[in-house]
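**Q** Have a look at the structure that comes next, please.
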Amino acid sequence: LAAVDCSEYPKPACTLEYRPLCGSDSKTYGNKCNFCNAVVESNGTLTLSHFGKC
């Protein structure tokens with residue numbers, strides 16, 4: 001099972017680094033920062049499906 005440590009998020013700004021992750025919502029997030037901010041906004045309901053594009 002893939003996992004990402006989001007303990008240091010949310011962050012006010014994310015870099016444009018492209019390292020895609022696929023969320024449990026079948027949406028591709030550009031990088032860990034974007035994904036983790038979305039996880040925080042979802043109150044933890046969003047999880048990582050896998051690394052790479054959906």
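Note that Cβ sites are derived from N, Cα and C of the backbone, with glycine treated the same way.
Dumping what Swiss-Prot says about this protein:
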DOMAIN    4-54  domain 'Kazal-like'
DISULFID  Cys6-Cys36  disulfide bond
DISULFID  Cys14-Cys33  disulfide bond
DISULFID  Cys22-Cys54  disulfide bond
CARBOHYD  Asn43  N-linked glycosylation site
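Help me see these features in their spatial surroundings.
**A** When pLDDT is averaged over the domain 'Kazal-like' (4-54), the result is 96.
Within its own chain, Cys36 (disulfide bond) has Val4, Cys6, Glu8, Tyr9, Pro10, Lys11 as residues 6 or more apart in sequence whose C-beta sits under 8 angstroms from its own.
DSSP assigns Cys33 (disulfide bond) to a helical segment in the three-state reduction.
Non-local contacts of Cys22 (disulfide bond) by the CB criterion (under 8 A, 6+ apart in sequence, same chain) comprise Thr28, Tyr29, Leu48, Ser49, His50, Phe51, Gly52, Lys53, Cys54.
In the three-state DSSP assignment, the secondary structure recorded for Asn43 (N-linked glycosylation site) is coil. Cβ neighbour count for Asn43 (N-linked glycosylation site): 7 (other Cβ atoms within 10 Å of its Cβ, all protein chains included).
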**Q** Between Cys33 (disulfide bond) and Asn43 (N-linked glycosylation site), how far is it from one CA atom to the other, in Å?
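**A** Rounded to the nearest whole number, the Cα-Cα distance is 16 Å.
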**Q** Count, for each of the disulfide-bonded residues Cys6, Cys14, Cys33, Cys54, the other C-beta atoms lying within 10 angstroms of its own C-beta, and report the residue with the smallest count.
**A** Cys54
